[in-house]
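Written below as structure tokens is the structure these notes are about.
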Amino acid sequence: MAEQDYYDILGVSKDASEKDIKRAYRRLAAKYHPDVNHEPGAEEKFKKINEAYETLSDSQKRAQYDQFGSAGPQGAGGQGFGGFGGGQAYSNFGGGFDDIFSQFFGGGGRTRRDPTAPRQGRDLQYAMTLDFMDAVFGKTTTIKYDRDAECKTCHGTGAKPGKSPITCPRCHGAGVITSVRQTPLGNMQTQTTCPECNGTGKIIKPEDRCDTCHGAGHVHERHELEVKVPAGVDDGQQMRLQHQGDAGENGGPAGDLYIVFRVTPSREFRRDGSTIYVDRDISFAQAALGDEVKVKTVHGDVNLKIPAGTQSETNFRLRGKGVPHLNGNGNGDEHVTVHVKTPKSLNKRQREAMLAFAAASGEDVKGVKKTVLDKLRDAFEDK
């Protein structure tokens with residue numbers, strides 16, 4: 001099933017301004033907030049709205065989404081490019097569901113975050129080193145990294161199978177301890193997070209705690225994941241793998257994994273985006289007379305025609321011989337710069353040929369030390 005477009009989810013056009021996106025998000029979040037809308041599917045709709053807003057409200061993530069979409073350049077679900085950033089899917093205004101809700105409907109100030117509300121897990125980052133050619137053409141590889149995963153025994157509840165958390169006896173489920181003290185200005189009421197339940201309003205009896213996670217609801221694990229690196233990635237780019245980060249809380253989704261690519265430089269090629277640059281030495285004769293020479297490209301050797309009279313530092317473009325574009329639309333180009341090399345020493349025949357060339361060109365090359373044979377030839381020619 002195809003992923004719904006983020007712009008469609010928020011009901012805005014692709015050229016919508018940040019204000020338009022924020023306005024649409026507020027309107028839809030208020031409509032589908034779980035505390036307001038109890039219809040089937042409303043909570044799932046609310047999650048999609050938050051996911052769409054999280055991407056479109058961030059200029060870097062939005063730019064990457066516009067180019068690659070939510071599925072990423074290779075079309076695999078849940079992969080895409082974007083800047084690394086922490087945060088939670090439900091905290092776009094600095095708080096949880098209740099913070100957002102209070103901004104829509106007032107309430108006399110900032111409300112306390114609901115400790116039982118679903119919260120997205122922490123995002124993780126993984127640095128992947130790639131050989132130059134693997135970055136150009138892509139590869140499939142397996143990575144291993146540490147993450148907090150939902151406990152499979154208790155499915156995140158923290159309690160043994162058949163057991164459930166109970167209402168905190170200290171705060172009676174409120175999650176906070178309320179105290180009133182007298183001041184010169186009158187009675188002042190304060191609230192502090194309940195130390196017994198850490199603000200959740202629920203506790204698990206020691207004897208009821210899950211034997212696997214000991215009541216945490218998640219376990220630390222070494223996770224193995226197959227990653228398809230798309231052709232055309234570059235050094236410093238990042239790819240997001242959705243829901244491959246730390247486990248969420250209270251039924252919230254897992255965080256994302258951001259893979260940062262580190263590409264090893266090539267000894268033969270220089271790269272700028274999808275363009276490849278190479279140097280090719282040619283001789284004076286090849287430059288003057290023209291020739292056809294072999295040139296290295298990332299796609300293999302190709303023949304390059306050198307026109308007669310080519311000057312040193314001349315640049316030739318080989319269309320389509322560069323790096324594949326990330327969007328899958330063809331390849332970049334390769335630029336070949338030729339360098340005419342002057343020989344450091346000449347054998348006898350080469351020297352004679354060069355002197356003859358100079359003479360035929362009407363050049364009197366100063367500083368050329370003549371051999372005995374040259375002097376005899378000059379003597380006979382003078383007679």
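Each Cβ is built from the backbone N, Cα and C atoms, and glycine gets one as well.
Per Swiss-Prot, the feature domain 'J' maps to 5-69; the stated evidence is sequence analysis. Confidence for the domain 'J' (5-69), expressed as mean pLDDT, is 84.
Look at Swiss-Prot and you will find 138-222 tagged as zinc finger.
Same-chain residues lying 6 or more positions outside the repeat 'CXXCXGXG motif' (151-158) and placing a CB less than 8 Å from one of its CB atoms are 164-165, 204, 209-213, 215-219, 247, 249, 251. Residues or ranges marked as repeat 'CXXCXGXG motif' by Swiss-Prot: 151-158 (among others).
As annotated by Swiss-Prot, Zn(2+) 1 binding site applies to C151, C154, C210, C213, with the evidence given as sequence analysis. The Cβ of C210 (Zn(2+) 1 binding site) has 22 neighbouring Cβ atoms from other residues within 10 Å, across all protein chains displayed.
What Swiss-Prot records for 168-175 (among others) is repeat 'CXXCXGXG motif'. Mapped onto DSSP helix, strand and coil, the repeat 'CXXCXGXG motif' (168-175) counts 0 helix, 0 strand, 8 coil.
Listed by sequence, the residues of this chain that lie at least six past the ends of the repeat 'CXXCXGXG motif' (194-201) yet keep a Cβ under 8 A from its Cβ atoms are 115-116, 165, 167-171, 173-177. The feature repeat 'CXXCXGXG motif' is assigned by Swiss-Prot to 194-201 (among others).
As annotated by Swiss-Prot, repeat 'CXXCXGXG motif' applies to 210-217 (among others). Counted with DSSP, the repeat 'CXXCXGXG motif' (210-217) comes out as 0 helix, 0 strand, 8 coil.
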Item to complete: Using DSSP, break the domain 'J' (5-69) down into helix, strand and coil residues and give each count.
Response: 45 helix, 0 strand, 20 coil
Worksheet entry | Residues of the parent chain within Cβ reach of the repeat 'CXXCXGXG motif' (168-175), under 8 Å, 6 or more residues beyond its termini | 112, 115-116, 193-197, 199-203
Worksheet, complete the sentence: Under 8 Å Cβ-Cβ from the repeat 'CXXCXGXG motif' (210-217), and at least six residues away from its ends along the same chain, one finds 150-154, 156-160, 204, 247, 249
Item to complete: Note the Cβ centroid of C151, C154, C210, C213, the recorded Zn(2+) 1 site, then list each other residue of that chain whose Cβ lies within 8 Å of it, in sequence.
Response: K152, T153, H155, G156, T157, G158, A159, R209, D211, T212, H214, G215, A216, G217, H218, V219
Discussion item. Within the repeat 'CXXCXGXG motif' (151-158), count helix residues (DSSP H, G, I), strand residues (E, B) and coil residues, in that order.
Written reply: 0 helix, 0 strand, 8 coil
Item to complete: Compile a sequence-ordered list of residues in the same chain as C213 (Zn(2+) 1 binding site), six or more apart from it, whose Cβ lies below 8 A from its Cβ; state 'none' when nothing qualifies.
Response: C151, T153, C154, G158, V219
